[in-house]
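Marked as compositional bias 'Acidic residues' by Swiss-Prot: 15-25. Residues or ranges marked as region 'Sigma-70 factor domain-2' in Swiss-Prot: 95-165. Annotation comment: Swiss-Prot describes 119-122 as motif 'Interaction with polymerase core subunit RpoC'. Sequence annotations record features per position, and here Swiss-Prot assigns DNA-binding region to 289-308.
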Amino acid sequence: MSQNTLKVNELHEDADFDENSTETEIFDEKALVEDEPTESELAEDELLAQGVTSGADATQLYLGEIGYSPLLTAEEEVYFARRALRGDVPSRRRMIESNLRLVVKIARRYSNRGLALLDLIEEGNLGLIRAVEKFDPERGFRFSTYATWWIRQTIERAIMNQTRTIRLPIHIVKELNVYLRTARELSHKLDHEPSAEEIAEQLDKPVDDVSRMLRLNERITSVDTPLGGDSEKALLDILSDENENGPEDTTQDDDMKQSIVKWLFELNAKQREVLARRFGLLGYEAATLEDVGREIGLTRERVRQIQVEGLRRLREILQAQGLSIEALFRE
């Protein structure tokens, strides 16, 4: 992506949002105030902008462009926001440029999720623009509180649309989003990540339903990474729900699973156990990273690392036998 695509005057302004749903969102300033840039983070950005860190990459160049726009005071926000709502272009630009570092801060939290940092920033900038267009200063909260929600939405939507190879039915996506949004809201109020029981209580839903959807979300997030080569498919693609397939498709899926099981035994014992427990093979029920770690006495991060190593080794085994990843799939 070109450096110039991130300049404010070249950003697209027609991001696709469902405004009917977003208008009903409740923005909690106390819950989101942590997303405002801290002094240390702003100092870090300024050092990057000045090229203090080694290697003047595109991120540093971009930070150099935005690093000298001062943050607005609360009074200035109200002044410029009112003028922006009346169509004053310079005020709108001032609102955007003064909050570009907020986008960078939030975008950094989504690193290693399938998109480069500059791509995340560009998506977040679209959310910032929309926030400026819709911000009502008379409602009494700071602009950064309001903008944070829009920035998150555009970044998360981009990650979902550009990195997922699994497409869920729309009613499942909507239900899952309700649970995830509730989990985020609770995490701001509590001093820990909410459990399935706490989410279920908040929504007055059965705990089993919430647990099932949260497991589904983790499997999609961690398993939908392409296995490699020329294939865009992932391991979860071939472990499909038999209830959604016809008899012929079910037979093909069974053959695929048997092939995977055979190659699993060419991995080392730890890789084989982790993959089997994660994806419901060798008699195990599919489990989350946390559950697998609990069962075998490892941290969640170590389980994830072993999973990545195992999938990489599985690809090497296939290639050594003259097979491609596509050999596991039949349309």
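Note that the numbers count up from 1, one per residue, in the order the chain is shown.
Cβ coordinates are placed from backbone N, Cα and C, and glycine is handled just like the others.
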The region 'Sigma-70 factor domain-2' (95-165) - residue tally per DSSP class, helix then strand then coil: 54 helix, 0 strand, 17 coil
Helix, strand and coil totals (DSSP H, G, I; E, B; other) for the DNA-binding region (289-308): 17 helix, 0 strand, 3 coil
